[in-house]
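Copied over from TrEMBL, here are the features:
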- B:Cys239, B:Cys244, B:Cys247, B:Cys255: [2Fe-2S] cluster binding site (BINDING)
- B:7-103: domain 'FAD-binding FR-type' (DOMAIN)
Amino acid sequence: MKYHEIKDLLRQCHGFATLCEEDLDLMAKCGVNAVFREGQLLAQEGHPADLFYLIRNGKVAIETHVPHRGTVTLQSLGTGEVVGWSWLFPPYLWMFDVRALEDTRVISLDGKCLREKCEANHSLGFRLMKTFMGTLVARVHDARLQVLDVYHSPQGG
Amino acid sequence: MSNGHVLTPVATEVLSVRHELRDTATLSLLPPPGGAPFAPGQFSMLYVMGLGEIPISLSGDPAESGLWIHTIRGVGNVSQALVRAIPGDRIGVRGPFGSAWPLDRARGRDVLVVAGGIGLAPLRPLIYRLAAEPEAYGRITVLYGARTPEDILYFHQLQAWKESARFHVRVTVDSGADDWSGNLGPVTHLISPVDFDPASVVVFTCGPEIMMRFVIRLLLGLGVAGERIFLSMERNMKCAVGFCGHCQYGPHFVCKEGPVFGYDQVAHLLAEKER
Ligand SMILES: Cc1cc2nc3c(=O)[nH]c(=O)nc-3n(C[C@H](O)[C@H](O)[C@H](O)COP(=O)(O)OP(=O)(O)OC[C@H]3O[C@@H](n4cnc5c(N)ncnc54)[C@H](O)[C@@H]3O)c2cc1C
Ligand code: FES
């Protein structure tokens with residue numbers, strides 16, 4: 001896949017809406033196309049988080065293993081969503097497993113390379129940090145709403 | 001409706017019962033004689049002899065006005081008795097009451113329906129109307145959140161709408177077992193500006209109040225104007241016709257001015273704690 005096609009895909013991603021052309025250029029240069037078959041792992045808990053993904057098509061599950069309970073899915077992410085922020089924050093390790101729930105096409109982005117560019121250029125670092133913080137905040141809100149278990153009570157709507 | 005039915009329930013027969021979920025059933029009733037046709041979003045008062053009377057939304061297709069359909073989740077005495085009803089049982093009914101979803105406002109525009117839990121029931125008549133005439137609207141998106149896969153209401157209906165080319169339907173659950181390969185996360189996570197134009201979309205939402213608060217905040221953040229967001233409020237009711245004040249919500253009587261409100265009408269009240 002050509003670099004400008006990757007850039008177009010990044011530009012269409014709602015999460016990257018605030019990034020300028022220059023930033024998209026830089027990110028696109030760190031991107032390659034990848035495909036994961038249903039059941040395949042995109043990331044493994046505890047492993048170095050040197051990559052992150054933009055889902056072009058498909059669905060993945062954020063999972064963890066709980067003793068005596070087995071694998072627990074915490075959230076699913078689908079087309080147009082960004083997977084992974086651990087590449088940007090120490091200790092740069094994946095916090096959860098990420099598994100393809102169906103055949104999934106992604107843009108795989110080199111987070112390690114981008115991280116180094118952010119260290120060298122703090123203005124870029126701030127813009128990327130802001131962008132990924134937005135995703136992170138949205139995920140925290142999601143998790144809180146899930147914890148509230150809003151449909152459970154008799155007042156459940 | 002004729003005045004005779006305003007305060008006095010009329011006895012009617014339960015024609016059929018469909019068990020939707022472990023705590024939820026859909027009852028088909030004969031409408032009260034002379035009962036007016038209902039509009040999507042309106043509700044009836046259902047009376048179980050000796051137990052009491054509760055407000056329940058009409059959840060059937062308004063075009064099939066020969067039957068009044070209600071979907072009830074058993075949470076207390078009266079609602080559980082209704083969920084346990086069998087064909088041939090007699091219950092009291094009065095209605096239809098309350099305001100309707102302003103579907104006219106959505107003509108020619110993108111439509112976003114966001115439902116959670118039993119909140120899909122009051123929205124189903126509206127979805128039937130959208131499905132009957134999809135060309136009258138822009139992109140139609142229905143988002144539904146449930147607690148677990150076993151709690152997904154109208155599963156087959158949602159599936160059928162999903163297969164219709166003119167409808168975008170996405171379902172999510174808050175938690176799912178190993179074998180669930182659908183969406184997992186709150187219904188807010190399904191909201192994506194890819195599906196609609198924030199500058200013109202009309203939104204209809206119903207579910208637990210806290211869910212609606214999160215949904216609305218997110219939509220406002222995406223640039224959707226409050227005047228194009230409509231929600232259905234639930235308050236305990238007695239008379240259902242604006243006499244007793246039981247359903248008062250700030251300056252509003254939910255039974256008469258609601259249950260469907262424009263967000264701008266109730267924005268200041270939504271953030272208030274219920275007393
Ligand atoms: C306009 C309107 C439309 C409604 N439509 C439907 C519907 O289509 N299907 C459906 O299952 N339910 C619907 N409800 C809610 C339903 O009326 C209540 O669940 C019912 O009144 C409970 O009565 P009960 O005697 O069974 O339980 P109760 O013993 O009165 O209450 C049991 C529990 O439910 C809570 N509760 C009672 N009433 C409400 C309420 N209105 N909202 C939230 N929590 C409540 C109580 O706090 C208590 O914890 C609607 C309510 C309104 C106001
Ligand atoms: S229920 Fe009596 S005024 Fe609304």
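Cβ atoms are placed via backbone N, Cα and C, with glycine included.
Because TrEMBL annotations are produced automatically, they should be read as predictions rather than curated entries.
Shown here: features listed in TrEMBL, placed on the structure.
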| residue | record | DSSP (3 states) |
| --- | --- | --- |
| B:Cys239 | [2Fe-2S] cluster binding site | coil |
| B:Cys244 | [2Fe-2S] cluster binding site | coil |
| B:Cys255 | [2Fe-2S] cluster binding site | helix |
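With the fewest other C-beta atoms within 10 Å around its C-beta, B:Cys244 stands out among the binding-site residues B:Cys239, B:Cys244, B:Cys247, B:Cys255. On the 0 to 100 pLDDT scale, the domain 'FAD-binding FR-type' (B:7-103) averages 93 in the predicted structure.
When the domain 'FAD-binding FR-type' (B:7-103) is classified with DSSP, helix, strand and coil residues number 8 helix, 45 strand, 44 coil.
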